[in-house]
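Encoded as structure tokens, the structure appears first; notes follow it.
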Amino acid sequence: MQKFIKNHVFSLIAWLLILVISIVALPNVNQLTRDHAEIKLPADTQTTIAQTFNNEWSNKTKNTYEIALVFNKKDGKLTKTNQSAINQTISDLKENKDKYGIKNILAPNDNVATKKRLKSNDKTTWLVQLNVSKSHGTISDINKELQKAIKTQGVATYVTGADILNDDFSASIQEGIKKTELISIIFIFIVLVLVFRSPIVPLISLFTVGVSFLTAFSIVTNLVKNANFPFSNFTQVFMVIVLFGIGTDYNILLYDKFKENLGNGLAVGEATKDALHKAGKTILFSGSSILIGFSALALAKFSIYQSATGVAVGVAVLLLVLLTLNPFFMMSLGAKMFWPVKKFEGESESKIWTFLASNSVKRPILHIIVTFLIVTPFMALYSGHLNYDDTDEISNDTPSKAGLLVVQKHFSKGMAMPSYLYIKSKHTLDNEKDLKLIDEATRQLQASKGVSLVTSVTQPYGEKVNQLYVNKQLNTVTQGVGSAQSGLTKLSNGSSQMTNGLGQLVSGSQTLTNGLNTMANQLNSQLSTANQSQLSQLQSALPQINQGIQELNSALRSSGASIDTTSLTNNLTDAGNNAKLIGTNLTTAGEILKQLQASTSSTSTDTSQILAQYRAVEAKAGLNDQQKQAMEQALMTILSGVNSKVQAQTSAATTSLEKVAANLQAAGLADQSLGNNLSNVATTLQGLSGLSSQISTLQTEVNKLATASNLALPGANQAITKLSSGLNQVQSAVSSASTGSSQITNGAQKLYSNSPVLTDGINKVNSGLGEGTTYLSGLANSAASDEFYIPRKYLKSSLFQKSINNYMSNDKKMTKIIVVLDSNPSSDKAAVKSHKLSAMVKKSLAGTDLKDAEVVMGGQSSRIEDTRQTASKDFTRTAIIMLVGIGLALIVVTRSILQPVFILGTLLIAYFSSLTINEWFIKAFMGKDMLTWNTPFFSFIMIIALGVDYSIFLMMRYRELDETTASERMVHASAIIGTVVISAAIILGGTFAALIPSGIPTLIEVAITVIVGLAILVILMPILLSAAVKLAYEGFKKSKH
């Protein structure tokens, strides 16, 4: 049992159990990496706020991946067959939304806006935008599913978008890590074989470091899974590099001391114990400094910086494993560890470090000056320009990257990943006032340099809707006013004509009045007593005519041959003439009465014609309802008084005249017919004066005469009776008509006198409209009228509601403006521009109803700018924390305040110089102008944390030596530790070099920076630290070295 304890067998068993448990408990690393690959920005950044707004927007965008589908014809334009095939693919996606987890789909042929946005101008490429639910599956699975679903004959198809690209970046890193692990293991094995000239030592070293890594990585991944521990794409790869790098260095230090002890003749137990005491203490101090440095990253605010905290967990486990598991192999194998080597030499000295240190202590100031003259240009020439385009991390052959390049080639470069400007208010935004502010913001964005396309609720097609702008509306009004002017001119002319007509009406109505007065006098004269007597005689003569006819008829029947035809002929001729005269007089009276009736009727009509003529002119003028009402009211006021008084009297007179005239005309016609018959009989009698043979003919004629007499004479009698009474009515009606005509004359005179006022008013209105038209035309053509105004009717229209549904949230308190930049959305230029645009809109809303609204920019460009600002601020903050932490650890280790300053100063010189050299290198050999944005940070923590290792190695050996002066101890320590440091630097540099085949720019650049930094440290450390120790502890005294 004591042997087991002495040989640390329980340590082996314990770590093997821990290793098995760690491997079994290890979660799905690939999935975990993908789930935590997205960079988490602080809650107060625009990107994070925009993402929150997007989740609140609607169920269609909440918790979804934003994906772009690309359909491209590589050789020419899309044919109708190609387009039909693409439409069928899109139709299949729409019909199987649930199958693919699609919550929203926007296709090129959905509407006018999508046709403009999602079809390339060269007609070779179509885009489809999707929102796919995150609950449907991993982004990797969704990507594979969609790639199969969108395959379309005749065109190349791609699935791309920020989420897809991030996932492919994670996958690329995972592939890179596999290459790095394998290369690192092979490289470390080879180097250790060369250093120790034994295959056993490398295997033991790799096993102990491997146990450390697997145990630590299982702990970290389970913390990530269960406790949301910081994690990123780079956590695993840097745990591999750091643990295998420093773990090998620590093993070299421990094994070298163990080998030294064995060479000095110490027993295995003593050699192990001494190695653990001396080398182990150095390892513990060195590892603690690294542990403190990486643990300080937990205080960072940026998630990707925090994710490096996992390295601290790895370092803690590494220290524990190396100091507990290595003793088992040392105790168990002893000298066999170094097989086949049997001769163990003492400490080997580094000639290079001996030379550099000894010369530095002889002329410390000169060496410091020369060193700074050499490194200062390197430090000063570092540009600090960084590339934040994460898509550069992905190979162009990756399908998602290839799809992005196709979009950037055929569309605006920002089309694949547009920016989204969100405006969130405490009140609803679907009103004219707020929409005007939104439109102003839209137009400001459109006018900004670097912007390719802007769409919003007021401009869904990316351009102004002319009908919603005041200048267009004013042009319409101006045209209407011009028509009104033309109409008013016609109305004015019509009014002048009406004035002339009214003058004629006054004259005509006066003539009518005079005529009616004359008629009344004539009627009075005709209806005098003599005329009444004549009517009575006429009435009494009618029966006598009838009696004579009857007698004639009787005589013809009895003694036709004895008739005195001459006498009878004369009598009949007289009777016929009298009957004709009566009929003619009656007919003439009827016509006169009809003319009187027509005159009274036309008198009423004249005013109606005046009004009708006015309305005809008014219609041509194109006046509005208010103008028509005002103009017509003035005219109606004048005409109403005339018409109302005349109408009643004219109506009564007209009715009476119509009846009398009709009766008189009927009677007149009958009596004329009777007269004609009597004349015919008389003529017949003349023809019969000697012809008795014609008696029968006469008798026939007389019979006709009797029949006519029976019809005409009673009618004439009745008509004469009615004429007697009707003439009295006519006399009364004519008198009334005369009175009405006088009123018409008076009314027309008033209308005539007021007509010029009406004409003048029309002219003034027309003149005012002319001035208004001139003003409105000027306003319409000025910049002042180029303003948004939406009528309420259009605001509530179904067409505009579609735009509201697309560009406003469900509660109408948020709106988004889509901004497509003309540069790569992942470029530094686009990133800076995105925040300038949001700041511009925020400033433009100051002093308005939306002054308190939240304005944030979302999308890839904004994310990069937020990343840049966060990384820059947090890098400085984290670097200070890390330097302070390591500095305090160095104070404890070195028991000095100056030495930590010397060490950290040397590390910073190496860091900045290596960045400048790396910039030159990637430009010369990789064709890139800028380092990736992660390179400075990861290079810093690696150079500082790992470089402090070598400093502690040197200073710990410096403390262990017993030379009389500080200079002597420093030179001796440099000689001894130089070999270890150079070997460790070669191993660590080689481990980082294993990152280069990964193909990931960030990993390649970090590897180059660290390798260059280690090389600079290997040279600067013996020079600067030796000179600093000399000046600090001995001053300017000359050293014997």
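Cβ atoms are placed via backbone N, Cα and C, with glycine included.
TrEMBL has this to say about the protein:
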- 906-1031: domain 'SSD' (DOMAIN)
- 180-196: transmembrane segment (TRANSMEM)
- 203-224: transmembrane segment (TRANSMEM)
- 236-255: transmembrane segment (TRANSMEM)
- 283-305: transmembrane segment (TRANSMEM)
- 311-333: transmembrane segment (TRANSMEM)
- 875-893: transmembrane segment (TRANSMEM)
- 900-917: transmembrane segment (TRANSMEM)
- 937-958: transmembrane segment (TRANSMEM)
- 970-996: transmembrane segment (TRANSMEM)
- 1008-1033: transmembrane segment (TRANSMEM)
Report task. Establish whether the number of Cβ pairs under 8 Å between the transmembrane segment (203-224) and the transmembrane segment (900-917) reaches at least three, counting only pairs separated by 6 or more residues. Result -> no
Query raised in the report: Cβ under 8 Å to the transmembrane segment (236-255), counting only same-chain residues 6 or more beyond its ends: which ones?
Result: 29, 33, 173, 176-177, 180-181, 184-185, 188, 191-192, 195-196, 201, 204-205, 208-209, 212-213, 216-217, 220, 275-276, 279-280, 282-283, 286-287, 290, 308, 310-311, 314-315, 318, 322, 326, 337, 938, 942, 945-946, 949, 953, 980, 983-984, 987-988, 991-992, 994-995, 998, 1003
Query raised in the report: Can you name the far-off residues of the same chain, 6+ from the ends of the transmembrane segment (937-958), with a Cβ under 8 Å from a Cβ of it?
Result: 234, 238, 241-242, 245-246, 249, 253, 281-282, 285-286, 289-290, 293-294, 297, 305, 308, 871, 875, 878-879, 882-883, 886, 890, 893-894, 899, 903-904, 906-908, 910-911, 914-915, 918, 969-970, 973-974, 976-977, 980-981, 984-985, 988, 992, 1002, 1005-1006, 1009-1010, 1013-1014, 1017-1018, 1021-1022, 1025, 1029
Requested in this report: May I ask for the residues of the chain that lie six or more residues beyond the transmembrane segment (283-305) and have a Cβ under 8 Å from a Cβ within it?
Outcome: 39-42, 230, 232, 234, 242, 246, 250, 253-254, 311-312, 315-316, 318-319, 322-323, 870-871, 874-875, 877-878, 881-882, 884-886, 888-890, 893, 934, 937, 941, 944-946, 948-949, 952-953, 956
Requested in this report: Take the domain 'SSD' (906-1031) and average the pLDDT across it for me.
Outcome: 88
